[in-house]
């Protein structure tokens with residue numbers, strides 16, 4: 001097992017390299033010029049060139065990339081082109097806000113989607129299934145920013161139950177305050193995740209119900225709920241683990257839209273600002289960090305697999 | 001492993017999608033002018049009270065809280081409260097802040113600046129002539145990369161600042177330049193004792209805990225959330241009324257409007273389309289005020305067809321359009337935009353809107369095009385996709401020009417690509433673009449836009465007579481003569497129609513009715529309030 005983990009971790013290196021090359025190429029191909037944000041109309045051309053030179057942006061793109069990768073190899077994520085703060089510091093500063101929000105949203109989505117998916121699958125084409133299906137279709141198709149504004153309007157403006165945005169009341173440092181601010185964004189995000197999860201679990205439940213072990217349980221006269229929650233559940237957990245592994249990327253990349261709408265100070269909204277300002281080092285840092293988490297999440301998911309389903313043998 | 005790979009690709013695609021729809025640069029030109037507030041007086045019998053706090057909604061994190069580098073709207077707004085300027089100019093009249101007086105010598109080559117006595121920084125250190133000289137030296141130092149540097153060069157010769165005594169600074173100009181005062185308006189001293197040993201001030205960690213001289217001092221900053229300032233008791237303009245001012249970062253405009261209604265934000269910029277919603281709550285003063293900005297349609301004379309180099313064609317195209325209709329289309333009402341004819345904005349010295357104009361006469365437009373020998377004219381119009389005002393106006397222009405037999409092809413592009421193309425003086429593959437500028441109150445600032453071959457002459461306008469006038473105006477010390485020069489220049493430029501001026505746009509700000517002192521605080525473009533110390537909670 002240990003050997004496997006080491007091998008998998010080593011395999012991430014070429015993958016990260018590939019990600020960084022693709023990401024860097026795309027940034028370079030995208031229109032826009034970071035120097036523009038420093039330029040004023042009456043600036044002399046040589047002043048503009050000096051800024052470009054100081055930022056190292058006058059070098060050919062591949063040289064810029066090599067400098068970046070060389071620094072990366074030494075653990076230096078570089079500095080933002082816009083505010084000159086260290087990239088890693090900015091990511092780590094925003095990480096807790098995103099991890100807390102995404103973590104709780106994913107947990108909430110999983111906890112709700114498992115029973116909903118099981119019930120929908122077991123009652124295929126009956127009203128419960130149709131209702132749950134309807135909800136998940138709404139979840140998949142509704143724009144989250146719209147749902148966010150709707151909930152904000154309802155719970156903050158009309159009912160005065162919750163704050164509309166931000167992560168804290170100004171000057172207040174308490175967990176309860178953060179929690180209160182987190183309810184709306186967490187619900188919106190959970191609803192988005194939930195919809196996808198329910199669809200997966202439903203179809204996997206339908207598949208499992210056709211299996212022989214289920215027929216045998218029926219033959220033994222087990223109750224339907226016992227079959228569902230004691231036997232089918234175990235099998236259904238497999239796709240959930242996959243989904244969780246896949247969600248690790250989101251955990252860091254954050255839900256860009258939700259964070260922006262709720263002014264949640266996470267990595268998603270940081271990434272949005274970085275992209276707007278063509279802040280190359282920050283965009284690269286965030287992308288790489290997310291990729292790393294995604295690869296890591298998949299590794300953990302694969303390891304968990306072998307515990308949940310002993311038939312699966314891990315082979316690197 | 002396959003799963004992981006597809007996930008990684010998904011992330012990359014996401015990055016790509018976002019970068020494809022990203023905005024351009026956020027930098028706002030620092031405006032150096034303003035108009036007095038159109039605010040209402042507090043109800044009679046209610047004097048200013050002390051205490052309380054104010055929350056101002058801002059759309060992004062500040063980039064750098066150092067006036068030598070602040071170019072984005074949010075940093076400029078916060079710096080206005082954190083750092084006191086030397087003086088400000090409104091409607092041609094000076095209001096002195098740190099400075100007590102500014103006197104030019106008889107030959108107009110030396111300006112003597114006197115500081116108020118007893119000035120202190122937020123940390124208690126004395127603010128003296130040393131700080132002013134230090135600030136100017138750092139602006140001029142190439143290694144420090146201040147974008148203000150270009151303003152302190154006159155024909156590539158630097159303006160020098162020397163200390164005479166603790167309260168007096170002498171500025172020497174290489175040649176007469178009445179625009180010097182407008183340059184000085186943009187200068188806000190930074191503390192020498194904090195920055196003198198920093199090799200790169202822009203990147204200095206000391207900017208994270210700024211020490212200023214304004215009515216409010218730095219208290220705390222939570223990245224992505226808010227920045228709070230608290231009252232500075234030794235402010236030379238008198239103790240500020242409010243205990244604290246917080247700038248709350250609200251990136252989504254719809255969400256910010258809800259937070260405004262919910263009392264989580266007290267001051268917020270409004271889009272004209274949201275005014276009626278906010279007004280209906282009856283809890284806010286809605287204040288539209290001129291931002292010193294001209295919004296215009298640019299004719300690119302340098303396009304490969306060369307057709308817009310003929311002034312008759314530009315005049316004819318202008319005649320085919322109606323300014324009032326465009327204002328209705330883009331700004332919903334003339335309440336938020338005044339019709340524009342001159343290239344100067346109303347806050348500029350010597351501004352006149354009494355100039356020739358080509359507007360709303362389709363029949364004459366057709367005639368002129370015919371007379372100019374132009375037929376089957378095809379024009380390319382670059383438009384920022386997602387910019388609602390630009391999209392609406394471009395469709396309007398397309399339809400109106402079709403009526404006079406001109407075919408307009410709309411070329412929609414991402415905003416960063418648009419900016420890059422627009423500012424590229426060598427771009428020849430488009431004829432029309434919508435844009436705007438804020439240049440400040442001194443007309444010399446417009447020289448870079450309208451003299452032949454100048455750095456920001458994006459329309460490639462060239463008229464030797466205008467070149468001569470604008471260069472004369474830059475060095476003319478006599479206000480009467482200067483007024484004549486700029487009046488003439490405005491007339492000639494308007495007649496040549498290198499641009500089609502649309503409107504002098506206004507900013508709309510909503511302020512909770514719980515606050516007073518708005519008139520004394522003076523509403524100002526870009527930074528909202530000129531002097532926050534005057535605002536009080538009712």
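Glycine is treated like the rest: Cβ placed from N, Cα and C.
Annotations in TrEMBL come from automatic prediction, not curation.
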Which residue range, A:201-227, A:282-308, is the one TrEMBL calls transmembrane segment?
A:282-308
Transmembrane segment per TrEMBL: which of the ranges A:62-85, A:134-157 is that?
A:134-157
Given a Cβ distance threshold of under 8 angstroms, which distant residues of the chain, six or more beyond its ends, lie next to the transmembrane segment (A:182-200)?
100-102, 104-106, 108-110, 112-113, 116-117, 120, 132, 135-140, 142, 144, 147-148, 151-152, 155-156, 162, 164, 167, 239-240, 243, 247, 255, 258-259, 262, 264
Between the transmembrane segment (A:101-122) and the transmembrane segment (A:282-308), are there three or more C-beta pairs closer than 8 Å, counting only pairs 6 or more apart along the chain?
no
When you scan the chain for residues with a C-beta under 8 Å from the transmembrane segment (A:134-157), skipping those not six or more beyond its ends, what do you find?
116, 163-165, 184-185, 187-189, 191-192, 194-196, 198-199, 255, 257-258, 260-262
Which sequence-distant residues neighbour the transmembrane segment (A:236-262)? Criterion: at least 6 residues beyond either end, Cβ under 8 Å.
95, 98-99, 101-103, 105-106, 110, 113-114, 117-118, 144-145, 148-149, 152, 165-166, 184-185, 188-189, 192-193, 196-197, 200-201, 204-205, 208, 268-269, 271-272, 286, 289-291, 293-294, 296-298, 300-302, 304-305, 308-309
Cβ-Cβ under 8 Å with the transmembrane segment (A:12-30): same-chain residues at least 6 beyond its ends:
61, 65, 68-69, 72, 278, 280, 283-284, 287-288, 291-292, 295-296
